Structures are given as C-alpha cells and as structure tokens.
Amino acid sequence: MECQECHQRPATVHLTQVVNGQKTEIHVCEQCAKENGYMNYGEEKFSLNDLLSGLFHSEGPSPFKGQSPQTYPKKETLKCPNCGLTYNEFARIGKFGCAVCYETFDDRLNPILRRVHSGNTRHDGKIPKREGGNLHLKKEIEEYKINLRQLIEQEEFEEAAKCRDKIRSLENELHQDEGGEE
Amino acid sequence: MSLKQFINEAISPWMKQEGPDSDIVMSSRIRLARNFAEHPFPIIAKEDTLSKVLAYFEENFQQTSFRDYKDFELVRMRDLQPVEKRVLVEKHLISPHLAEHSENSATLISQNEQVSIMVNEEDHVRIQLYFPGFQLDKALEQASQLDDWLEEKVDYAFDENRGYLTACPTNVGTGMRASVMMHLPALSMTQQINRMIPAINQLGLVVRGIYGEGSEALGSIFQISNQITLGKSEEDIVEDLHSVVKQLIDQERKARETLMHRSSIRLEDRIFRSYGVLTNSRIIESKEAAKCLSDLRLGIDLGLIDHIPRTILNELVILTQPGFLQQYAETSLSPDERDVRRASLIRERLQLEHKE
C-alpha cells in the first residue's frame, strides 16, 4: 500500500480513528506521519509546546474529521509581515515570533488565550510608564467610572458629584494629550 | 579551596538570611518576562539581532546599580564552561533554557545575587528576583521597580489589550510568574499534600516537586506558582498565591504538631536515623540525601536538633547537585563517583557544625 500523502513511499503507519461512530482510516509513511503530527517520536519529549499546539490545532477542523485524502492538509497562508512566521508554524511551535504576530493572528487568539488563561483575553495589570502612553490616564478614568457607579448605587450623591468632576477633568487631560500628539 | 570558603562562594548571600515563615517557606520569587518591541523574539531571531540585544544590555546596564541591587555583572553564557553553567542553573540564577542557548545569551546578576536578569532566554528579558522566606509582596514591589528602571532604556513590546507581549502565549499579559518554594515534610509524610494539590490546581495555581523527576518531590520541597498571567493584575495574582501559601503553612504546622503529639518517638527516630545516615554514609544518592536532609531540617525546626542552622537544607540540597559536586572536585565525575563525593561533602559539612 502506498502512502496516501506523498504517494511515493510505502505506507507503514496505519491509523484508525472513530469520530461519532464514523470510522476513518489513514495510511501514511513514517515521514508523512511525522510531518503531519500523527506520530510522537521517542526522542521528542512531549512538552508544554505539544500541548499548546494541540490547543491551537483544535481551533480549526480536526485533522481526521470528514477529511478526504485529497483535501488534506489544508493550506494556511496567514503570515506575519514583520517576522515571517506563518500561523501554521506558530501552531506547531506554540510560540509567537515577534510583537507584530499578536496583531497578525489576532482574530484567532481569543479562543487560545481563553483556554490558557481561564477564560481571560484582556490584560488587566501593569502598564509600562513610557510605552503605555495615555493608557495610565484611561485606566484611571475607568476606575473612577466604576467608583462613580458604586457611589450612585449607594446614593452618595455628593461624593458621586466629586467623582464625576474628577472624571471630566481627566478626560480633558486625555483629549489634550491626544490632540497634542497629532 | 576549603569547604567553608567553597560554600561561602557557592551559596548566594540572600540564601543565608532568614525571612518571615522561614521554617516552611524557603524562598519567594517573582519573574517578569519582557521583550523589545522592535526585535523578533529569540526563538526565531537571527544571531546578529540577538547580539544587538546583548550589546545593548552590556552598554546600558553593565556595572550599574539599582537601590539594593549593586554592581550588575553581565555574564555571557558563551564564556562559561558547561559545569559553570550547570552551577548557575543549580543556584536557580539561570534557566536550563538559557544554558542551552548560549551563543548570544547572558545574565545580569546583582552582587547579592538576589536579582538575575536573563537576556535572550525565551524572551529578550527575564527579570528574576528572590527573597528569603515568605515575602511575595515585597518581591513584587521591588521587581516592578526594577522593571520600571529597565523600561527607562528599553522599549517594551506592550499592547493595550494583551499586555506585555511574550513569546509564549502562557506568559502574555503581566508576563509574571510568582512562586514560592516550600518545605512540606509533615504534609508529605501524612500524604495530605496529594489531596491538596488538585484543589490548589483548581485555583489556577501549579504545584510541583522541585529537584525531582516528574511529580516526585525530592526532599519534600514544593514550588507553588501562578498559571494565569492574563486578565488579572499582578497584585491580585500575588494575593491569590499568598492566601493559598498561608493556608499551606497553617496546615503544615498543624500536621507537624499532630505528628509530634501522636507519634513523637517514631518521628524522632526517623529524624535521628536520617541524621545518622548523613553523618556516617560513604555513598549516598541524591534522592536519599534529599530525604535525609529534609528529615534533618524538620528535626531542626521542631527543636530536636539545635546545633545546626536551618539553612542547611537549602545549602546542601544545592551543594550536592551534580554541577556543584564536580566544581568542588574540580574534575568531572561519574554518577558513582558523585555518590561518594556527595556523602563525603555532607559529612564534612556537618562536622563543621561540631567544631563551632
């Protein structure tokens, strides 16, 4: 039997996968099995990366489900313009290549991040002093707004008024900041 | 070199100090992962990019000081012998990853060895700060200040939504890993720890045995750290870890009390047997050494043994690792030879206490 991937070498790896009662058989050579991730080789330890890339792949169609040999493997063309890392490579190594990769793969990141970080997708921590720019100001405004809502609920209107004025003055500051940059 | 001298140089100054809850928490650590915005991450960057990053650090931070952290010294991995790198790994000053990727990687170590800033590890910058005992809040505060100090000269990769951008998605956001190293002999002996680990995991924290293969915890030493880095503030992450560690400390103290109360003669027997092994054996494997050292340390904490300092566990667990043994022997050693050297080093070290 020849390998269904390369159609050159004999198939030495035979896989049977049953998904929802549907049986799929895959017959490939060792090399194609390795390339397509059907096999874990002894010398490559199962690492966190493997686990992670497993997560990434599960985003797309499963490599087995409803695949006919002709359409597999699916081609990925998404590529980071800055460092040249493709989404496929990212999924394989489980690592980003540069800061721009985060923008490049943005559409696909939320499900991955949600899995890794217990449902979270947005940063809620420290903002760097220089790089953060006016984010500090924005964050401060957000915090005052939350505070304002609480004060209104507690019917502490005097305090709420002070809080509202503070938000206004911070927002003015923010607008001046943004105006100044242009 | 005399053993005393060797130990003095081998053990980081901060390790010789005690901190809050030092009877159970050996050390607290904060690690921050940061990257340059303009360069590709080390995993795919070309060597000339990495050498630029390294040169930038050398130019801007070599021999600088920040508050208590004086005279940062840049140690280039390619200048070190394999055994020297191994020693730095065993001291936890560098990661095994850094030691393996040596061409353009380095670490910037403060004189007191509390701070190690790894350059071109998985991320361009990894700031590590240690404190003795249970001092997570202080470690976070100072690590953050160190981070601000670096940011004066480094343009960090940061995104409003995703936070600090890191090579691995498991670090993005705060880029922070907070961890404590704990000695939990009573919880291990009574097997209570095995029941507690799944509950701790559910809180987004990771428990792992340190100095051991797989899940086994050599010397009953465990590391507890946060898993999640995105969506929570640094302070909240540290607070969550803090509260779990606090509970573990209470449970460990209770378990020790119960053991002392219910089976004190058995416990005493175990401790003194281990002490006997350490002072008399001629061949000892690292696994047995760690177990006996853990028992000895428990004996010290319980007041059963009073002429040996507590820091003996931290000290000897590190000194009896393969790298240190070979450095002390000034030659490479086979595993069998190491077991002999280990036994003699421990005997010698414990004899130092008798003389004083």
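Along the chain as shown, residues are numbered 1 onward.
Cβ from N, Cα, C; glycine included.
Taken from TrEMBL as is:
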type: DOMAIN; residues: B:24-255; note: domain 'Phosphagen kinase C-terminal'
type: BINDING; residues: B:27-31, B:HIS92, B:ARG126, B:177-181, B:208-213; note: ATP binding site
(request) Might you list, by sequence position, any residue in that chain lying six or more from B:SER27 (ATP binding site) with a Cβ less than 8 Å away from its Cβ? (result) B:MET15, B:GLY19, B:TYR130, B:PHE131, B:PRO132, B:GLY133, B:VAL180, B:MET181, B:ASN314
(request) Sort out the sequence-distant neighbours of B:SER179 (ATP binding site) for me: same chain, 6+ apart, CB within less than 8 Å of its CB, listed by position. (result) B:SER28, B:ARG29, B:ARG31, B:GLN223, B:ILE224, B:SER225, B:ASN226, B:LEU241
(message) Using a 10 Å cut-off on Cβ-Cβ distances across all protein chains shown, tell me which of the binding-site residues (B:ARG126, B:ARG208) has the largest neighbour count.
(response) B:ARG126
(request) Determine the Cβ neighbour count for B:ILE30 (ATP binding site): the number of other Cβ atoms within 10 Å of its Cβ. (result) 27
(message) Need the DSSP three-state call for B:ARG208 (ATP binding site) to compare against my parser.
(response) strand
